[in-house]
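**Q** Positions annotated as domain 'Major facilitator superfamily (MFS) profile' by TrEMBL: 30-482. According to TrEMBL, the feature transmembrane segment maps to 23-43, 85-103, 115-135, 141-162, 174-192, 204-226, 288-312, 324-346, 353-378, 390-410, 431-452, 458-478.
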Amino acid sequence: MLDNVAVGVIVSTSGGKEHQGKMTLFVFLTCLVASSGGLIFGYDIGISGGVTSMDSFLSRFFPSVYKQQMADSSTNQYCKFDSQLLTLFTSSLYVAALLSSFLASTVTRMFGRKWSMFAGGITFLLGSAINGAAMNVLMLILGRVLLGIGIGFANQAVPLYLSEMAPPGLRGTLNIGFQLMITVGIFAANLINYGTASIKGGWGWRVSLGLAAVPALIITIGSLVLPDTPNSLIERGHDEEAKAMLRKIRGTEDIRDEYDDLVAASDEAKSVDHPWSNIMQRKYRPQLTIAILIPFFQQLTGINVIMFYAPLLFKTIGFGSEASLASAVITGTVNVFGTFVSIATVDKLGRRALFLQGGTQMLVSQLVVGTLIALKFGSSGVATDVTKNYASIIVLFICFYVAAFAWSWGPLGWLVPSEIFPLEIRSAGQSITVSVNMFFTFLIAQVFLTALCHLKFGLFYFFAGWVAIMTLFIEVFLPETKSVPIEEIILVWKNHWFWSKFISDEDVHVGNSESVDDRVEDA
Ligand code: BGC
């Protein structure tokens, strides 16, 4: 296991360390604009759950679900909303996002990060227009596919952009802007749903779906004014522009060491023709493993059961239709504020500490929620006496769970994969992360309603089991990446007790004149 001391030494062997933590106004503003790419993802996560619980929406597009819902409240609460068509509506977006992230990888690498963000914004804009105007299920699904393509592009490019722009010592803080915007998007969507649900005349859902155009416009216009990252500029042969950009974002003339790192990374990248076959090489096994497991684990925390289905879930545990949206607003607020905890601490405490603390808190909360539901609903799913107090306690523990996710697996699930790859395969690696994330988001959205029906309260224990496994995995296998310059991250793997087996000395290329052997030995 790599300890913090080792990382500290790696950092101290590379040059230009006075820039580890300097935030210039320019870098802050560019990262703020780029982060807004998270809004489209968040808005969508938050809007679907609320819309699919609106009577006017259900009765128009999913009449059988609507009839089932109107049924007597004494029927089995775990199985009430089980409809494959309804979950297909939610899930279609994720399949589109999964596939489009591979295309986005090429755009991001060949044309720069900003054009992927632009493509994401425009496609999402189109999708929101079709959805707002939907006359039938086909239009709904088509709209969602376009939204998905938009998200695939944005999630592929934004985290990379942020990690490359940020000075090493602030990389966590700035990258988590993306997750912050995701949570703001979710929260805004929850509020909007709350408002539109009460619109008389049955067209409230159109407002909810159509308003997705607002975050889409923000990232579309925003991406046009963004500069590209120095890493991407060098990768595409614009060396002088890259130097100028580096001076501007670091706020200093002294950029030689960092520039050397970037050039070394870019030379390495140029020797690689096919990032996709390249990524399969043994020396990239550590990064590839993490790029797959982190998003997989992130979804297996079960967070999206809460995010997508909070209104349905709260209905199930006895809240009325209004109260269920109100509860979703509560978890939305906790999600936003929890993210600030991460922003403030990630570059000080490090990624591992947040993962381990957050994982433990989530585990405990899930066990409590599962047990509280078990005690009331048993295995029959029938409960007649769920008091307001009892339901409030469940909501409270759901909030503990969401808060922990918001400062651990939420932001780190995007940050860590975006900072572990060498330049030559960074874009391909990020696509893998996005697609694994989307695949499991899809899977969980698709099977949740059926799973709730069969596993009942055991669903919470199921996710708790996974949280235990992933927390253990982090403890044993995840090296700390806090403050390490992005083009020197290879040294972190080279120093890890397990992952070092995969990396030979010749595989370590960094731009500093000091020999690699010395650096690794120093560390
Ligand atoms: C995850 C989403 C999740 C959101 C909740 C993101 O990091 O990728 O699946 O819904 O966090 O805030």
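Backbone N, Cα and C atoms are what each Cβ position is placed from, and that goes for glycine too.
A TrEMBL annotation is a machine prediction, not a hand-curated record.
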**Q** Please work out whether the transmembrane segment (324-346) lies in contact with the transmembrane segment (431-452), by counting C-beta pairs under 8 angstroms that are 6 or more apart in sequence and asking whether there are at least 3.
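**A** Taking Cβ pairs at least 6 residues apart, the transmembrane segment (431-452) and the transmembrane segment (324-346) are not in contact, as fewer than 3 fall under 8 Å.
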**Q** Under 8 Å, at least 3 Cβ pairs, sequence separation 6 or more: does that hold for the transmembrane segment (204-226) versus the transmembrane segment (85-103)?
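**A** The answer is no, given that the two segments have fewer than 3 Cβ pairs within the 8 Å cut-off.
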**Q** Mind pulling out the one from 23-43, 141-162, 353-378 with the most Cβ pairs under 8 angstroms to the transmembrane segment (431-452)?
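**A** By Cβ pairs under 8 Å, 141-162 leads among 23-43, 141-162, 353-378.
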**Q** What parts of the chain pack near the transmembrane segment (390-410), using Cβ distances under 8 Å and only residues at least 6 beyond its ends?
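**A** Cβ under 8 Å, 6 or more out: 179, 182-183, 297-298, 301, 303, 306, 314, 317-319, 327, 330-331, 334-339, 341-342, 345, 354-355, 357-359, 361-362, 364-366, 368-369, 372-373, 376, 470.
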**Q** Please compute the mean pLDDT of the model over the domain 'Major facilitator superfamily (MFS) profile' (30-482).
**A** 89
